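Worksheet: the structure to be examined is printed underneath.
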Amino acid sequence: MSKTHLTEITFAELGLEPQVLAGVEAKGFHNCTPIQAETIPLLLTGKNIAGQAQTGTGKTIAFLAGTFNYLLTHSASAERRQNQPRVLIMAPTRELAVQIYNDAVPMSESCGFKMGLAYGGDGYDKQLAVLQEGVDLLIGTTGRIIDYLKQGIIDLGAIQVVVLDEADRMFDLGFIKDIRFLFRRMPPPAQRLNMLFSATLSLRVQELAYEHMNEPQHIQIEPEQMTGQRIKEELFYPSNEDKMLLLLTLMEEDWPEKAIIFANTKHGCEDVHAWLQADGHRVGLLTGDVPQKKRLKILEDFTAGLLDVLVATDVAARGLHIPDVSHVFNYDLPDDAEDYVHRIGRTGRAGRSGHAISFACEDYAFNLPEIEEYTHHPIPVSKYDPSALLDDVTAPKRVVRHRLPVNRNMRDRQSTGRRRPGNKS
């Protein structure tokens, strides 16, 4: 197993159909990642896949290349109706469904297949209009897919390829009954190409694979290095009093090019967002109750570099590929050890290095033993000098739940706060 992100194997060597290869190369991909090099040859021979790989290792392109190649080499049923897609790709979140769709666009164009999206929270009529015209590939979340299915807008009787992405997250969010409902309305497993991908493959996920797939090949990439060799991990033990000031101080010292800060609650995220915004950072807030259009706009701005910091709950921790994230902060240690791996997996992607900083505060330090047991290593501890923390921070204009000590020198100044070195703002 190569220690580098890319292998010496190129997509051109795999035997992909020319149209698929053109779509892959249109996205700038030439050499395969390990998960791509191991799974695509199996998919081209019709093997079912249950694949495990760290986030950011290219599993989306792996299953998309396998899917489009299968469509080109296998004819649709002669009895297939307009409302019957040939492919169903299921994702746990709206954001991931949209991301998969966007990643698939070059291949859909080069191969000549139509795609549709189905996810809740936004765009019902627009999605409906596309589906009524007929699609080859349907990508979406289970709830909206079932909604269209029960209305007769779509029918799954002609499905030839099914993909389940982030399967462990499906369990976490309680979607497994929905998934089984959809599987029962498809042709039997032996008549489909089936793929299941996840950053972790627990026993329950493997049981799901064997229940609804045809002798799946279990592919596991770098299981021993769960948190990524390119991620520098660091742990602080701040008091609740120092916690916000420590975050602001570290942000001031490092000026991350692109950072994601995770908190465990919506209110916690709102507080962190307010303090960073008051301190002059270009920061976005992503929590579960942010409207869908605004969520997508925030992600687009963060990806494009219009925002430097994203404060989020775990809604953004799984599946999303945001390139060039230099820092991840666990402002709160997560309650679920798997979420720690998924959170810090936002950085150190595509062969780049990353920095993951975690706070074991008075409220969440008890989560640390489970995290270190799950990752099979202790997180290196760093100390800080409380007297060296920032002492002239700008108070947010709105009232927030997190109060800094009254002896700190907070000034309610009208300036835009600190600015990134190099005159970036």
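Just so it is clear, glycine is given a Cβ too, placed from its N, Cα and C backbone atoms.
Sequence-distant contacts of the motif 'Q motif' (9-37), counting only residues of its own chain at least 6 positions beyond either end whose CB sits under 8 Å from a CB of the stretch, comprise 1-2, 44, 51, 53, 57-59, 61-62, 65, 68-69, 72-73, 103, 106-112, 219, 221-222. Marked as motif 'Q motif' by Swiss-Prot: 9-37.
Across the residues of the domain 'Helicase ATP-binding' (40-219), the predicted structure has a mean pLDDT of 91. The domain 'Helicase ATP-binding' feature in Swiss-Prot is assigned to 40-219; the stated evidence is sequence analysis.
According to Swiss-Prot, the ATP binding site annotation covers Ala53, Gln54, Thr55, Gly56, Thr57, Gly58, Lys59, Thr60, on the basis of sequence analysis. According to DSSP, Lys59 (ATP binding site) sits within a helical segment.
Residue counts for the motif 'DEAD box' (165-168) under DSSP (helix as H, G, I; strand as E, B; rest coil) come to 2 helix, 1 strand, 1 coil. The motif 'DEAD box' annotation in Swiss-Prot covers 165-168.
If you look up Swiss-Prot, you'll see 243-390 marked as domain 'Helicase C-terminal'.
The region 'Disordered' annotation in Swiss-Prot covers 405-425.
Taken from Swiss-Prot, the feature compositional bias 'Basic residues' applies to 416-425.
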>> Within the same chain, where does the motif 'DEAD box' (165-168) have neighbours whose Cβ lies under 8 angstroms from its own Cβ atoms, ignoring anything closer than 6 residues to its ends? I mean 6 or more beyond.
In response: 59-60, 63, 89-92, 96, 100, 196-202, 205, 208-209, 318-319, 338
> Are there any residues in the same chain, six or more apart in sequence, whose C-beta is under 8 angstroms from the C-beta of Gly58 (ATP binding site), and if so which?
Replying inline: Phe29, Cys32, Thr33, Ile35, Gln36
